[in-house]
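Quick look at what TrEMBL lists:
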| type | residues | note |
| --- | --- | --- |
| TRANSMEM | 7-27 | transmembrane segment |
| DOMAIN | 67-256 | domain 'ABC transmembrane type-1' |
| TRANSMEM | 71-94 | transmembrane segment |
| TRANSMEM | 106-126 | transmembrane segment |
| TRANSMEM | 132-149 | transmembrane segment |
| TRANSMEM | 184-215 | transmembrane segment |
| TRANSMEM | 235-255 | transmembrane segment |
Amino acid sequence: MKSSKTLYVGVGLLSALVLAAIFAPLITSFDPNEPDYVNTLLGPTSQHWLGTDPLGRDVFTRLIYGARIDLAIGLLAVVLPFIIGVSLGLLTGWRGGKTDSIIMRVVDTFIAFPFYVLAIALVFIFGPGIKSIIIAITLVGWVAYCRIVRANVLVAKEQDYIHAARLTGLPSSRILRRHMLPNVISQSIVFAMSDIVLSILAIVSLGYLGLGVPVPTAEWGSMIQEGQGYISEQWWLATLPGLMVVYVGFSLSLIGDGLVARLER
């Protein structure tokens, strides 16, 4: 019961932000990117709930429009590595031999470098932009899923139900799809919750460094970078985007904990 509540609370919190991002034009009438030099650096008012930034743009508007960018890229940057990593993990764990050796050597090479350092280096090579971010995180992120699934496949393929499936003459592709995958993918799904947070942190870090989404597009990392010079007086400019990342991380953490508790039943 407690696990269900945790899961539902996490889903509810995340859904609230997702809905706000989707229906942003209905929530606020301000343009998130258009400067308004008459209303620069205003504090919270009835018109500007969270004040304005140095260019007069409404902070609340930029936060929810920024959620569109960070959540969308964060999700897409996990879906692609998930598909690639799970597929390769199934292949290398099932076949073994040279296939396993080659793929695992590649995995070990990627793991030798810190995730963020390698992602930033790849974006620097490819150039700033959404496509570069997705490609970089995909190239770095698949290895974790591959290792998780491979380890589970090595255990599962020695189980009686897999031996029985083999004895019936089923092709390997069907065994992997119908019998193996449903039993080895649960850990990867749970890990994906924390991986979305890691991806969003990477996106925000890249935006802060000027390697992310091009300005003036609303994005949490660039908002933190723009607001850090005003931290002593207009502290909310840099703090609120950071709190949005914490909010997403907390929501996904609850979802992950709820999924773990359900899978352990």
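In case you wondered, yes, glycine gets a Cβ from its N, Cα and C as well.
Within the chain carrying the transmembrane segment (184-215), a Cβ under 8 angstroms from the stretch's Cβ atoms is held by residues 69-71, 73-75, 77-78, 81-82, 85-86, 89-90, 115-116, 119-120, 123-124, 128-130, 132-133, 137, 141, 144-145, 148-149, 152-153, 156, 221-222, 224-225, 241, 245, 248-249, 252-253, 255-256, 259-260, 263, all 6 or more beyond its ends. Spatially, the transmembrane segment (132-149) is not adjacent to the transmembrane segment (7-27); fewer than three Cβ-Cβ distances between them are under 8 Å for residues at least 6 apart in sequence. For the transmembrane segment (7-27), the partner stretch with the most Cβ pairs below 8 Å, chosen from 71-94, 106-126, 235-255, is 235-255. Only residues 6 or more beyond the boundaries of the transmembrane segment (235-255), in the same chain, are considered here, and those with a CB under 8 A from a CB of the stretch are 6-7, 9-11, 13-14, 17, 44, 50-51, 53-54, 59, 63, 66-67, 70-71, 74, 193-194, 196-197, 200-201, 204, 220-221, 223-224, 226-228.
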